[in-house]
Amino acid sequence: MTLDLGLYLVLDPGLCRDRGMVETARLAVAGGATIVQLRDKDADTARLIEAGRALRTALAGSGAMLIVNDDVEAALAIGADGVHVGQDDMDPGEVRRRLGPRALLGLSVETVDAAQRVDPVLVDYAGAGPVFATATKPDHKPPVGFAGLAEIVRACPVPVVAIGGLAAGHADAVRASGAMGMAVVSAICGQADPRAAARAMAQAWQAAVAAGG
Ligand SMILES: Cc1ncc(COP(=O)(O)OP(=O)(O)O)c(N)n1
Ligand SMILES: Cc1nc(C(=O)O)sc1CCOP(=O)(O)O
Ligand SMILES: [Mg+2]
(Lines of atoms letter the chains of each structure in order from A; the text may use other names.)
(Lines give C-alpha, C1' and ligand atoms only; values in the text may rest on other atoms or scores of the structure.)
(Ligands and ions follow the chains in the order given, each with its own letter.)
Protein backbone atom coordinates (compact mmCIF):
# COMPACT_ATOMS: atom_id res chain seq x y z
CA MET A 1 0.00 0.00 0.00
CA THR A 2 1.36 3.45 -0.89
CA LEU A 3 1.77 5.94 1.93
CA ASP A 4 -0.71 8.80 1.41
CA LEU A 5 -0.35 11.39 4.18
CA GLY A 6 -2.92 13.72 2.56
CA LEU A 7 -5.54 13.77 5.33
CA TYR A 8 -4.33 12.11 8.50
CA LEU A 9 -6.93 11.77 11.26
CA VAL A 10 -5.59 11.49 14.81
CA LEU A 11 -8.35 10.16 17.05
CA ASP A 12 -9.13 11.53 20.50
CA PRO A 13 -11.76 9.55 22.44
CA GLY A 14 -12.77 12.58 24.50
CA LEU A 15 -13.45 14.73 21.45
CA CYS A 16 -15.28 11.90 19.66
CA ARG A 17 -17.69 11.82 22.62
CA ASP A 18 -20.80 9.63 22.22
CA ARG A 19 -20.11 8.93 18.55
CA GLY A 20 -16.99 7.04 19.53
CA MET A 21 -13.68 6.57 17.76
CA VAL A 22 -14.77 3.78 15.41
CA GLU A 23 -17.75 5.62 13.94
CA THR A 24 -15.79 8.89 13.76
CA ALA A 25 -13.00 7.14 11.87
CA ARG A 26 -15.45 5.41 9.55
CA LEU A 27 -17.14 8.71 8.68
CA ALA A 28 -13.83 10.54 8.27
CA VAL A 29 -12.50 7.89 5.89
CA ALA A 30 -15.76 8.03 3.92
CA GLY A 31 -15.08 11.77 3.65
CA GLY A 32 -11.52 11.31 2.42
CA ALA A 33 -9.19 10.67 5.36
CA THR A 34 -6.28 8.53 4.17
CA ILE A 35 -4.76 7.54 7.52
CA VAL A 36 -6.27 7.03 10.97
CA GLN A 37 -4.15 7.13 14.11
CA LEU A 38 -5.45 5.51 17.29
CA ARG A 39 -4.35 7.95 20.01
CA ASP A 40 -5.76 7.41 23.48
CA LYS A 41 -3.33 8.75 26.05
CA ASP A 42 -5.32 7.24 28.97
CA ALA A 43 -5.64 3.70 27.64
CA ASP A 44 -3.41 0.81 28.65
CA THR A 45 -2.20 -1.70 26.06
CA ALA A 46 -5.21 -4.02 26.54
CA ARG A 47 -7.69 -1.21 25.92
CA LEU A 48 -5.73 0.02 22.91
CA ILE A 49 -5.79 -3.48 21.45
CA GLU A 50 -9.55 -3.72 21.91
CA ALA A 51 -10.14 -0.30 20.34
CA GLY A 52 -7.62 -0.95 17.58
CA ARG A 53 -9.14 -4.27 16.58
CA ALA A 54 -12.55 -2.62 16.29
CA LEU A 55 -11.01 0.14 14.18
CA ARG A 56 -9.20 -2.34 11.99
CA THR A 57 -12.44 -4.22 11.30
CA ALA A 58 -14.32 -0.98 10.56
CA LEU A 59 -11.64 0.27 8.15
CA ALA A 60 -11.03 -3.04 6.35
CA GLY A 61 -11.29 -2.57 2.60
CA SER A 62 -11.46 1.23 2.87
CA GLY A 63 -7.88 1.78 1.73
CA ALA A 64 -7.14 3.88 4.82
CA MET A 65 -4.13 2.95 6.94
CA LEU A 66 -4.30 2.39 10.69
CA ILE A 67 -1.47 3.72 12.85
CA VAL A 68 -1.17 3.29 16.64
CA ASN A 69 0.24 6.08 18.78
CA ASP A 70 3.07 5.29 21.24
CA ASP A 71 2.42 1.56 21.78
CA VAL A 72 4.34 -0.95 19.64
CA GLU A 73 2.93 -4.02 21.39
CA ALA A 74 -0.63 -2.83 20.79
CA ALA A 75 0.14 -2.12 17.13
CA LEU A 76 1.53 -5.64 16.68
CA ALA A 77 -1.46 -7.26 18.40
CA ILE A 78 -3.90 -5.21 16.35
CA GLY A 79 -2.12 -5.94 13.09
CA ALA A 80 -2.00 -2.21 12.45
CA ASP A 81 -0.15 -0.68 9.51
CA GLY A 82 2.28 1.10 11.78
CA VAL A 83 3.21 3.10 14.87
CA HIS A 84 3.79 6.79 15.59
CA VAL A 85 6.25 7.80 18.31
CA GLY A 86 7.54 11.13 19.59
CA GLN A 87 11.03 12.31 20.53
CA ASP A 88 10.37 11.40 24.18
CA ASP A 89 8.90 7.96 23.41
CA MET A 90 10.78 4.83 22.40
CA ASP A 91 13.97 5.10 20.31
CA PRO A 92 13.11 4.69 16.59
CA GLY A 93 15.76 1.99 16.20
CA GLU A 94 14.16 -0.04 18.97
CA VAL A 95 10.67 0.54 17.55
CA ARG A 96 11.84 -0.65 14.13
CA ARG A 97 13.46 -3.73 15.65
CA ARG A 98 10.25 -4.72 17.43
CA LEU A 99 7.99 -3.74 14.55
CA GLY A 100 9.87 -5.52 11.79
CA PRO A 101 10.78 -4.11 8.40
CA ARG A 102 7.33 -3.82 6.79
CA ALA A 103 5.22 -1.73 9.17
CA LEU A 104 5.26 2.06 8.97
CA LEU A 105 7.11 4.13 11.55
CA GLY A 106 6.18 7.78 12.06
CA LEU A 107 8.28 10.11 14.24
CA SER A 108 7.38 13.55 15.62
CA VAL A 109 9.83 16.35 14.86
CA GLU A 110 9.41 19.79 16.39
CA THR A 111 12.69 21.40 15.30
CA VAL A 112 15.06 21.56 12.34
CA ASP A 113 17.67 19.79 14.43
CA ALA A 114 15.32 16.87 15.11
CA ALA A 115 14.39 16.74 11.42
CA GLN A 116 18.07 16.50 10.43
CA ARG A 117 18.53 13.59 12.82
CA VAL A 118 15.74 11.49 11.27
CA ASP A 119 17.13 8.24 9.90
CA PRO A 120 15.26 7.41 6.68
CA VAL A 121 16.32 3.78 6.98
CA LEU A 122 14.20 3.50 10.13
CA VAL A 123 11.52 6.15 9.77
CA ASP A 124 8.87 6.37 7.03
CA TYR A 125 7.36 9.79 7.73
CA ALA A 126 7.61 12.66 10.18
CA GLY A 127 4.83 14.53 11.97
CA ALA A 128 5.94 18.17 12.23
CA GLY A 129 4.48 20.73 14.55
CA PRO A 130 2.67 22.14 16.16
CA VAL A 131 2.09 24.60 13.35
CA PHE A 132 -0.22 26.53 15.71
CA ALA A 133 -0.87 26.30 19.43
CA THR A 134 -3.62 23.80 20.14
CA ALA A 135 -5.71 22.91 23.17
CA THR A 136 -5.85 19.30 21.97
CA LYS A 137 -2.28 18.65 23.18
CA PRO A 138 -1.69 20.84 26.24
CA ASP A 139 1.97 19.73 26.50
CA HIS A 140 2.82 20.66 22.93
CA LYS A 141 6.14 22.24 21.96
CA PRO A 142 6.38 25.89 20.77
CA PRO A 143 4.42 26.50 17.54
CA VAL A 144 6.57 26.63 14.41
CA GLY A 145 4.21 28.48 12.04
CA PHE A 146 4.35 27.95 8.28
CA ALA A 147 7.88 29.34 7.92
CA GLY A 148 9.16 26.95 10.59
CA LEU A 149 7.26 24.10 9.00
CA ALA A 150 8.95 24.80 5.64
CA GLU A 151 12.39 24.76 7.32
CA ILE A 152 11.61 21.42 8.97
CA VAL A 153 10.40 19.97 5.66
CA ARG A 154 13.61 21.09 3.92
CA ALA A 155 15.74 19.50 6.64
CA CYS A 156 13.81 16.25 6.84
CA PRO A 157 14.82 13.22 4.73
CA VAL A 158 11.34 11.64 4.87
CA PRO A 159 7.86 12.93 3.90
CA VAL A 160 6.32 15.29 6.45
CA VAL A 161 2.74 15.59 7.65
CA ALA A 162 1.94 18.88 9.39
CA ILE A 163 0.01 18.91 12.68
CA GLY A 164 -1.34 21.35 15.24
CA GLY A 165 -4.28 23.74 14.95
CA LEU A 166 -4.91 22.97 11.29
CA ALA A 167 -8.17 23.39 9.38
CA ALA A 168 -9.26 23.22 5.72
CA GLY A 169 -8.33 26.85 5.15
CA HIS A 170 -4.68 26.06 5.82
CA ALA A 171 -4.28 23.55 2.99
CA ASP A 172 -2.59 25.95 0.54
CA ALA A 173 -0.06 27.17 3.10
CA VAL A 174 0.70 23.65 4.35
CA ARG A 175 1.23 22.42 0.79
CA ALA A 176 3.38 25.46 -0.03
CA SER A 177 5.62 24.51 2.89
CA GLY A 178 6.39 21.24 1.13
CA ALA A 179 4.48 19.02 3.55
CA MET A 180 2.72 15.99 2.11
CA GLY A 181 -0.43 16.25 4.20
CA MET A 182 -2.35 17.60 7.15
CA ALA A 183 -2.88 15.75 10.43
CA VAL A 184 -5.86 16.88 12.49
CA VAL A 185 -7.74 15.98 15.63
CA SER A 186 -10.37 18.58 16.55
CA ALA A 187 -11.09 19.68 12.97
CA ILE A 188 -12.72 16.26 12.49
CA CYS A 189 -13.26 14.57 15.88
CA GLY A 190 -14.89 17.58 17.45
CA GLN A 191 -17.27 18.26 14.59
CA ALA A 192 -21.01 17.59 14.36
CA ASP A 193 -20.51 15.99 10.93
CA PRO A 194 -17.06 14.33 10.73
CA ARG A 195 -17.67 13.09 7.18
CA ALA A 196 -18.45 16.60 5.90
CA ALA A 197 -15.50 18.03 7.84
CA ALA A 198 -13.16 15.41 6.38
CA ARG A 199 -14.55 15.95 2.88
CA ALA A 200 -13.94 19.72 3.12
CA MET A 201 -10.38 19.13 4.28
CA ALA A 202 -9.64 16.43 1.70
CA GLN A 203 -11.01 18.60 -1.11
CA ALA A 204 -9.02 21.60 0.09
CA TRP A 205 -5.88 19.46 0.20
CA GLN A 206 -6.46 17.97 -3.25
CA ALA A 207 -7.08 21.46 -4.65
CA ALA A 208 -3.84 22.69 -3.08
CA VAL A 209 -1.94 19.77 -4.61
CA ALA A 210 -3.59 20.29 -8.02
CA ALA A 211 -2.69 23.99 -7.92
CA GLY A 212 0.91 22.86 -7.74
CA GLY A 213 1.61 24.31 -4.32
C1 LIG B 1 1.06 12.61 12.97
C2 LIG B 1 1.47 12.91 14.37
N3 LIG B 1 2.38 13.86 14.57
C4 LIG B 1 2.76 14.16 15.83
C5 LIG B 1 2.22 13.47 16.90
C6 LIG B 1 2.66 13.77 18.32
O7 LIG B 1 3.38 12.66 18.87
P8 LIG B 1 4.09 12.84 20.30
O9 LIG B 1 5.01 13.99 20.20
O10 LIG B 1 4.66 11.55 20.69
O11 LIG B 1 2.90 13.22 21.27
P12 LIG B 1 1.65 12.31 21.66
O13 LIG B 1 0.74 12.25 20.49
O14 LIG B 1 2.14 10.94 22.01
O15 LIG B 1 1.02 13.00 22.82
C16 LIG B 1 1.28 12.49 16.64
N17 LIG B 1 0.70 11.77 17.62
N18 LIG B 1 0.92 12.22 15.37
C1 LIG C 1 -1.38 15.00 18.71
C2 LIG C 1 -0.69 16.28 18.43
N3 LIG C 1 0.66 16.35 18.25
C4 LIG C 1 1.07 17.61 18.04
C5 LIG C 1 2.48 17.97 17.84
O6 LIG C 1 2.77 19.16 17.69
O7 LIG C 1 3.30 17.07 17.86
S8 LIG C 1 -0.18 18.73 18.03
C9 LIG C 1 -1.31 17.51 18.32
C10 LIG C 1 -2.78 17.76 18.46
C11 LIG C 1 -3.38 18.37 17.21
O12 LIG C 1 -4.72 18.57 17.46
P13 LIG C 1 -5.60 19.61 16.68
O14 LIG C 1 -5.64 19.16 15.26
O15 LIG C 1 -6.95 19.53 17.35
O16 LIG C 1 -4.98 20.95 16.84
MG1 LIG D 1 3.98 9.97 21.69
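Cβ from N, Cα, C; glycine included.
TrEMBL: automatically predicted annotations, no manual curation.
Pulled from TrEMBL:
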type	residues	note
DOMAIN	7-188	domain 'Thiamine phosphate synthase/TenI'
BINDING	Gln37, Leu38, Arg39, Asp40, Lys41, Asn69, Ser108, Lys137	4-amino-2-methyl-5-(diphosphooxymethyl)pyrimidine binding site
BINDING	Asp70, Asp89	Mg(2+) binding site
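Across the binding-site residues listed here (Gln37, Asn69, Ser108), the residue whose Cβ sits among the most other Cβ atoms within 10 Å is Gln37. For ligand 1, the nearby binding-site residues are Asn69, Asp70, Asp89, Ser108; that is, of Asp40, Asn69, Asp70, Asp89, Ser108, these have a C-beta under 6 Å from one of its atoms.
On its own chain, Asp89 (Mg(2+) binding site) has Asp70 as residues at least 6 apart in sequence with a Cβ closer than 8 Å to its own Cβ. Site extent for 4-amino-2-methyl-5-(diphosphooxymethyl)pyrimidine: among the recorded binding residues Gln37, Leu38, Arg39, Asp40, Lys41, Asn69, Ser108, Lys137, the largest C-alpha separation is 16 Å. With the fewest other Cβ atoms inside 10 Å of its Cβ, the least crowded of the binding-site residues Arg39, Lys41, Lys137 in this structure is Lys41. Here the binding-site residues are Leu38, Asp70, and the one whose Cβ sees the fewest other Cβ atoms within 10 Å is Asp70. Within 10 Å of the C-beta atom of Asp40 (4-amino-2-methyl-5-(diphosphooxymethyl)pyrimidine binding site) sit 21 other C-beta atoms, taking all shown protein chains into account.
Among the binding-site residues Gln37, Leu38, Asp40, Asp70, Asp89, the residues whose Cβ sits under 6 Å from any atom of ligand 3 are Asp70, Asp89.
In this structure, none of the binding-site residues Gln37, Leu38, Asp89 sits close to ligand 2 with a C-beta under 6 angstroms from any of its atoms. Across the domain 'Thiamine phosphate synthase/TenI' (7-188), the prediction's mean pLDDT works out to 98.
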